[in-house]
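K.L.:
Copying in the features that TrEMBL gives for the protein in this structure:
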SIGNAL    1-27  signal peptide
DOMAIN    21-165  domain 'Spore coat protein U/FanG'
DOMAIN    208-338  domain 'Spore coat protein U/FanG'
Amino acid sequence: MRAVRLMGCLAPLLGLLMLLAAGQARADTCTASMTDVLFTPVSPIAGVNVTTTGTATVTCTWTGLLATPPYLVLFPNVTVCLFLGNGTNSANTTPRQLKYGTQTLNYNLYTDASYTAAKIWGAPTVAATPTPIILTMTKGGSAGSLTQTVTVYGQLTADASLSAAKTAGTGSAMYTSDFGAGSAAMQYSFVLGGLAACLAGPVSALPFQARAEVINDCTISAGTLAFPSGSLLSNPVRATSAISVACSPNAAYQISLNGGSVTGVVTGRKMQNLASASNKVSYQLSNTLDGTVWGDGSGGTVMVTGTGDGSTQSVTVYGLVPLQSAVPPGSYKDTVTALVAF
């Protein structure tokens with residue numbers, strides 16, 4: 001009698017083991033993809049951090065089912081871990097680096113928009129940045145798939161590496177770092193209940209590229225050129241001011257000055273009496289003392305040229321009111337536009 005009862009107890013257990021074996025024969029799987037992370041456009045002279053985002057997409061498919069109706073999924077819970085290492089062109093993860101030729105840019109990828117060190121996307125095997133991206137999904141009912149997306153946050157730091165970033169002559173330059181096998185990976189584990197550890201289950205590569213398009217850029221500003229007061233124009237009157245220009249490293253630039261708001265003629269600039277438009281004073285601008293007229297290259301005028309280095313450069317403007325007939329007293333003004341081409 002005891003033997004019969006013992007066999008009766010074993011039969012349901014054996015049936016359950018057979019059901020489990022049948023379910024595991026059909027593997028549950030996950031796949032992942034990651035968009036490229038693109039910083040663009042990036043100006044070396046803007047002096048601000050540059051941010052962007054990318055998107056990781058994970059799809060998990062349940063095919064392992066119980067062998068009897070209603071054929072529910074065998075392992076409804078899955079933990080997916082996305083790991084990130086250095087990437088190419090980086091010696092470590094703090095910071096990661098993008099590279100163009102011999103030039104590098106400091107940047108990093110984060111799990112949220114706080115851009116703090118604790119939120120750098122990493123992996124448990126990387127001591128400096130041990131935080132992976134962890135996703136969990138639960139599939140109820142029968143076989144099928146679930147998809148989840150997560151935003152990755154990128155930031156280029158406005159540090160010395162950015163201000164020194166060079167471009168390809170007159171064009172932009174693409175700084176890159178590649179991630180793939182060995183530097184970006186997904187690992188997942190299906191379980192019956194609870195959460196699985198991040199270092200268990202199948203592993204696959206998660207290839208993508210981080211890149212920054214560094215552009216040539218210039219900014220320009222000009223101060224007021226104020227001639228000293230005088231009652232007669234029987235002697236030349238001189239004054240100076242400055243134009244400040246900042247351009248990307250290696251960017252060739254030229255600065256032109258237009259003919260002003262009164263005459264519009266670079267070789268015949270005049271200041272106009274603010275109280276009487278018929279009264280005018282002739283004057284000249286140059287980039288050297290009493291030198292060739294600084295204009296737009298027409299009529300024998302010259303333009304000032306230079307090469308950017310990422311810092312602000314100062315160019316002196318020399319003003320000259322030549323000897324001429326006396327004009328009524330008053331305030332005389334002209335507005336000249338400075339243009340930097342690069």
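Cβ atoms here come from the backbone N, Cα and C positions, even for glycine.
Curation does not apply to TrEMBL; its annotations are automatic.
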K.L.:
Per DSSP, how many helix, strand and coil residues does the domain 'Spore coat protein U/FanG' (21-165) have?
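P.N.:
In the domain 'Spore coat protein U/FanG' (21-165), the DSSP-based counts are 11 helix, 68 strand, 66 coil.
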K.L.:
What does the DSSP secondary structure composition of the domain 'Spore coat protein U/FanG' (208-338) look like, as residue counts for helix, strand and coil?
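P.N.:
Summed over the domain 'Spore coat protein U/FanG' (208-338), the classes give 0 helix, 59 strand, 72 coil.
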